[in-house]
C-alpha cells in the first residue's frame, strides 16, 4: 500500500464564520453586484454559476448556511468543484466542505484529487486517494488520470509502480484513458521503461502517444532506444508528424547518425510532412552535429524564415568542425543574438585554444547587455585558466555572485581549475571548502591541482578524504595521485597506488598512467627500472611515455638512454621539434659537441624549427604576450633597459649565465645575449616596471623553462622580494626567497 500520511485539516467551522459576523451591508453589496434585487429568490446553484472569486463564493455559502440549505448535495458539489477547478480556488476551503459530506460520491473524490493536482500538491492527492480506498470507494477511469497529472519524479518513483498495480487490480489496465495517463506520467518523470511497459499493454496508439514515448527517451538521453522505437513505429505504419521528426532529428543529432537523419529528411523532401521553422532548425542541427556543413548550409540558405536558433545552429556547426573564422562571419551577420549564440561562439574559440579571443568576445557580450549563464561563465573561467589570467578570473567570480548567476558544481569546478592553473592554491582550497555539492571531478581537480603545484602530501591527503567521503576515483584521479607522488619523490607510495588502482578500484592502467610511473621512477634516478616499466607495458608506449624518460635522462645526464628515448619518439613523431631541442640540451650539458652539431644538422635538413618561446602575463586585467627576442611591445625600450639593470643587480647577487642549453653556433657572449632575450625574462622585466612592490608575478610559458631562466627567477624572487609563479609546459614553479617548489627538478 501507499504509505503517505493523510494530512489533517481543520473543520469547516474553523474557516467559515457565522453569517451574523459579517456586516450586513457588506453582504448585501456583494450579492447586489451579482444579481438583481430578487437574487435571494434565485436558487443557490444559479448564484454559484455566476460566482467569480472565492470572496463571492464565501458570501454565498454563508448565506446558504444561514437559510439552512448548505447540505444540498448538488450545492456542495458545485462549491467543491469551484474551489478545485477555478484559478482562484482554495483547496483548504474545498476540504472543509468535503469533510461535512457524510458519503461523498466517487465524482467528489475525483474532483478533490484533481484539485490537488491543479495546485501541484500530488502528495495530498495520494492521501485523498488512500482515504477514498479506506472508505470503500472504488476508483473509476477518471481517478488515476487526475491523480497522476501533478506527479513529480520523486512521487513517480515512490508511488508509480504501486498505483499501476492498483489500476490493474481494478481492471483499468486495458483502459486507453488510464494507460495514457500512466505513459505520460512515467515518461515525464524519467521512468521511461515503465512507460514502455504500459505502452505495450495497449495497441494501435496514435502518433501523439508515440511522440510521448520518443520524448521520454530523449529526455533521459537514451537516444538509441528512441531510434529503436521509431523504427518500430515505421514498421507498424504509423505516420509521423512534425513533432515526431523534430524528436528523431534531435536523437540522431546526439547519436551523430547521419543515415538516420537523412531518413527523416526524406519525409520532408517527399512532402509527407510539411517543413516548418522548428523542423528546419532541427535538421540544421543534425547535419551540423554530423559534420555535414554543406548540407546544413544548404538547408539554412533555403529557409524562408530564420530565427536566432537557426543562426546559432549554423555558427555552432562551423565552430565544431574547426572553421572558426566562417563561424565568426555568420555570427557577425546575426540580426539578433541571445546568450546561447554568444556562448556557442565563445566555445568555438575555446576549442581552438584562442583564449584571448574568448575574453575579447566576452567583453563584447557585456557591452551588448546580454546576460551570460553558468555555461558561459565556465567557458570564460577555462580561458582564464589557460592564460593564467588570475585577475580576470577573480573578476568573473565576483561577476557570478553580483549577477546571481547559477553557481553550481560545474562553475565551482571551473573556479578550482582556474585558481590552480593560475598558481593560487589557497583560493582553490577556499572554493572547495565553500562548495555545497562536490562530485568526483571536484575531488579530482583538487588532487591534480595540488599535485602540479608541488603540494604532493596535501594531494594524497585529499585523495584519502575522497575515499572516506565514499566518492569513487576514476582514471583521471589516479593520474593526479601518481603526479603527486612524482613531484614529492615518493617512489614506493607511487608504486603502491599504481597497484591499488587495479586491485581496489578495478581501473585498468592506460598509457598515461604508465607515463606517470616512468616519470616517477626517472625523476628519482631509477632509470633502469623506468625502462623495465616501458618494456613490460601491455600497450604500445607513446611519445609521452618516452618523453618522460627523455626528461629524466636530461636531469641525470644519461646520454645512452636519452638517445634511445629520442629515437623512439622521432619514429612516432618525426616532426617533434621539442625532442631535437631536448636532445641537444643533453648533449650540451654533457659537452658532447659533435653529437650536438649532428642533431642541429639533422634539424636543418629536415626543416625542423625550434618552437619560439612565448610567455603570457596578465596585468591590470590585460593579457600581454612576450616572444623570445621580440621588440614589438609599446614599452619595448623600457623593458630591455629594465632587463639590463635587472641582470646587473643579479650578477651582484651571484648570477652567472648558464649557456649549457644554448646550442646555437654562436660565441659565448652571443649565447648570453640570446639567454637574456628569453620570453619569461622579458615578462619578468615588464612586471617589475609595471606592478607595485610585493605583487606576485604570474607567467605562463609554452615551453619548458631553461636552466638559466630557472636560476635567474630564483634570484629575482630573493633580490626583489617578489613571489614568481611560472607555469611551463611540464609543471608549476613557485619561486620564493631564492628557492623553487620543484626542488630544481623539472
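Including glycine, each Cβ sits where the backbone N, Cα and C put it.
What TrEMBL records for 1-18 is signal peptide.
Note on the repeat 'PPR' (105-139): residues 1-2, 4-7, 76-77, 80-81, 83-85, 89, 91, 94-95, 98, 146-152, 155, 159, 166-167, 170, 172 of its chain, located 6 or more positions outside it, place their CB under 8 angstroms from a CB of the stretch. Taken from TrEMBL, the feature repeat 'PPR' covers 105-139 (among others).
Residues 180, 183-184, 186-188, 190, 192, 195-196, 199, 247-248, 250-252, 254-255, 257, 260, 267, 272-273 of the same chain lie 6 or more positions beyond the ends of the repeat 'PPR' (206-240) yet place their CB under 8 Å from a CB of it. Taken from TrEMBL, the feature repeat 'PPR' applies to 206-240 (among others).
Note on the repeat 'PPR' (241-275): its mean pLDDT in the predicted model is 95. As annotated by TrEMBL, repeat 'PPR' applies to 241-275 (among others).
The repeat 'PPR' annotation in TrEMBL covers 307-337 (among others).
The list of residues near the repeat 'PPR' (338-372) in space but at least 6 beyond its ends in sequence, with Cβ under 8 angstroms from a Cβ of it, reads 308, 311-312, 315-316, 318-320, 322, 324, 327-328, 331, 379-380, 382-384, 386-387, 389, 392, 403, 405, 623, 625. As annotated by TrEMBL, repeat 'PPR' applies to 338-372 (among others).
Taken from TrEMBL, the feature repeat 'PPR' applies to 408-438 (among others). Note: the repeat 'PPR' (408-438) comprises 23 helix, 0 strand, 8 coil (DSSP; helix = H, G, I, strand = E, B).
Panel annotation: around the repeat 'PPR' (439-473), residues 409, 412-413, 416-417, 419-421, 423, 425, 428-429, 432, 479-481, 483-490, 493, 505, 507, 731-732, 734, 741-742 of the same chain, lying at least six beyond its termini, place a Cβ under 8 Å from a Cβ of the stretch. According to TrEMBL, the repeat 'PPR' annotation covers 439-473 (among others).
The repeat 'PPR' annotation in TrEMBL covers 474-509 (among others). Outside the repeat 'PPR' (474-509), and at least 6 residues removed from its termini, the chain residues within Cβ reach (under 8 Å) are 440, 443-444, 447-448, 450-452, 454-457, 459-460, 463, 466, 516-517, 519-521, 523-524, 526, 731, 742-743.
TrEMBL lists 654-746 with the feature domain 'DYW'.
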